[in-house]
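A.B. asks: The structure that follows is given in the form of structure tokens.
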Amino acid sequence: MSSTESSTAGALPGRPAPSGGNGGEGRPPVTPAQWWALGLASIASFMVILDMLVVATALTAIQRDLHASIADLEWTVNAYTLSFAVLLMTSASLGDRFGRRRLFAVGLAVFALASAGCALAPNVGVLVAARTVQGVGAATIMPLALGLLNSAFPPARRGWAIGIYGSVTSLAILSGPVLGGALTQGLAWQWIFWLNVPIGLAAIPFVLRRLHEGPANRSAAIDVPGLVVFTAAAVGLVWGLVRADAAGWGSPEVTGALVAGAVLSVAFVRRQARARTPMLPLRLFRSRSFSAGNLIIFLLNATMTGAIFFLTQYQQVALGQGPLDAGLRTLPWGVAPFLLAPRTGALADRIGERPLIAAGMVLEAASMFWLAGSATASASYLAVVAPILLAGLGAALAIPAVTKSAVNTNAPEDIGKASGAYSTMRQLGGAFGVAILSAAFTASGSYASASDFSDGLRTALVVAGALSLAGAVAATAIAPRPRAATAGGEAKGNAGEGSSVRSAGGDDRITDDRAPSRTR
């Protein structure tokens, strides 16, 4: 995006586009260092999210070449999800302790080398092990990317930056099945992993030379007991969710894992209340915007991940499309986020996050109910593409605003912890969405025929719509934007340290980079 485009991205209807470089009305211009932060964070996160989905269309080829069982294929997917989800908070905590930039570079190196290990795997055991290490690298990259991005941009520019970041990551979600199908059919399944290696390794010197190191408190002690308890709790919850469809919700494995995860989660909260240097300070939850934002991204990602999981299969099982065509036919979901997220992010800087999140979640719910009524065994593609486009519009409105709300409600020294919590809730939401929609699908449908699959899909999509409606209700808890900020407080907010600025959730407080963290 050029500087001219960046300046007009946040223009409102009926209002002239800002002039004067890319500064906009009361907004500072984007510096070269900020462009580097935005570009590197977006590229790294694109790779991470892409690898969550790109494997799905290559599983048949992997099964054939490596003589893998169904259980082996399941762990090829779940090993990445498990290590990724459980280590997000740990990485955020370590980034605050040792510096986000250098740990971000370490994460890129681990991810790239593990990708090479996946491509070279001689058997499925090595592939699963490499996917586990790849998830470790991904867990290091994601929260630190968001933390570096928020540190690089002032409050008046964060919505715009997060919008562009969100458009890139949304594109990764939709292009995963397409790219996986294209590389597998055109070259070989190993290329879905080789693709990461040159990109990840090439980014490392730019990270070390171009990014500014975020605030690090090297004298602070690491909450090792809290870290261990949280990791164990996350393992229990994610294990139970990813195994629920295969083992059954009532199986000892799943119920035991979920109960253990819940008990350990309570133990983690109790530990954080007593710890001198907690990895997730409970005071952050005093902010309505932080608490509601984390709940909303959980529900939104549950809706999106679960729905896309079944819609790509619907295109193949019910409508008879191949893997590549199925991915291409789901791609319209990413059109609106890719084109509009930078503009909705800038709009959140102007009008606040609550109306955008509420509208986006309502549209997401409407699209799910619409799809539930139109996705029959004999439906034409035209009958389902319109609600898919509407789902993308809902995501374009909600994602940049909810990201800004959940992360930017905190003081600068807490952004890393807030990013870790947000990324964890997003990943848990994705695992929950696939698990709960799979249960709904199994209750009324099966893979036996196109008609049976469509019956199950409709039930799953109704559940997805209900999750989105719950997110719309949760959006009412987001703090509104104060009138003073709307009228022009934004420009004042960046005048200097200690200035009065509006946090992403609309919390009207004083932010001073030199002061201890304060939340409402």
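The backbone N, Cα and C atoms fix where each Cβ goes, and this holds for glycine too.
Here's the feature list from TrEMBL:
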- 483-498: compositional bias 'Low complexity' (COMPBIAS)
- 505-520: compositional bias 'Basic and acidic residues' (COMPBIAS)
- 37-483: domain 'Major facilitator superfamily (MFS) profile' (DOMAIN)
- 1-28: region 'Disordered' (REGION)
- 483-520: region 'Disordered' (REGION)
- 35-59: transmembrane segment (TRANSMEM)
- 79-96: transmembrane segment (TRANSMEM)
- 103-122: transmembrane segment (TRANSMEM)
- 128-149: transmembrane segment (TRANSMEM)
- 161-182: transmembrane segment (TRANSMEM)
- 188-208: transmembrane segment (TRANSMEM)
- 220-242: transmembrane segment (TRANSMEM)
- 248-269: transmembrane segment (TRANSMEM)
- 290-311: transmembrane segment (TRANSMEM)
- 379-407: transmembrane segment (TRANSMEM)
- 428-448: transmembrane segment (TRANSMEM)
- 460-479: transmembrane segment (TRANSMEM)
A.B. asks: So which of 35-59, 188-208, 428-448 is most in touch with the transmembrane segment (103-122), counting Cβ pairs under 8 Å?
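C.D. replies: Ranking 35-59, 188-208, 428-448 by Cβ pairs under 8 Å to the transmembrane segment (103-122) puts 188-208 first.
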A.B. asks: Mind checking which residues reach the transmembrane segment (128-149)? Cβ under 8 Å, same chain, six or more beyond either end.
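C.D. replies: Answer is 37-38, 40-42, 44-45, 47-48, 51, 72, 75-76, 79-92, 95, 100-101, 103-104, 106-115, 117-118, 121, 158, 161-162, 165, 211, 214, 403, 407, 415-416, 419-420, 422-423.
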A.B. asks: Excluding the flanking five residues on each side, which residues at least 6 beyond the ends of the transmembrane segment (379-407) place their CB within less than 8 Å of a CB in that stretch?
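C.D. replies: Non-local partners: 146, 150, 158-159, 162-163, 165-167, 170, 289-290, 292-294, 296-297, 300, 304, 307, 311, 318-319, 329-330, 332-337, 339-342, 344-345, 348, 353, 356-357, 359-368, 370-371, 415, 418-419, 421-422, 468, 471, 478, 504-505.
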A.B. asks: Which range out of 79-96, 161-182, 220-242, 248-269, 428-448 gives the transmembrane segment (290-311) the most CB pairs under 8 Å?
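C.D. replies: Going through each listed stretch, the top one turns out to be 428-448.
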A.B. asks: Give the nonlocal contacts of the transmembrane segment (220-242) in its own chain as ranges (CB under 8 Å, at least six residues past its ends).
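C.D. replies: That would be 78, 81-82, 85-87, 89-90, 93-94, 96-97, 253-262, 264-265, 267-268, 271-272, 275-280, 424, 427-428, 431-432, 434-435.
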A.B. asks: Which listed stretch (79-96, 188-208, 248-269, 428-448) has the most C-beta pairs under 8 A with the transmembrane segment (161-182)?
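C.D. replies: Answer is 188-208, with the largest number of Cβ pairs below 8 Å.
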A.B. asks: Can you give the mean pLDDT for the domain 'Major facilitator superfamily (MFS) profile' (37-483), rounded to a whole number?
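C.D. replies: For the domain 'Major facilitator superfamily (MFS) profile' (37-483), the model's average pLDDT rounds to 83.
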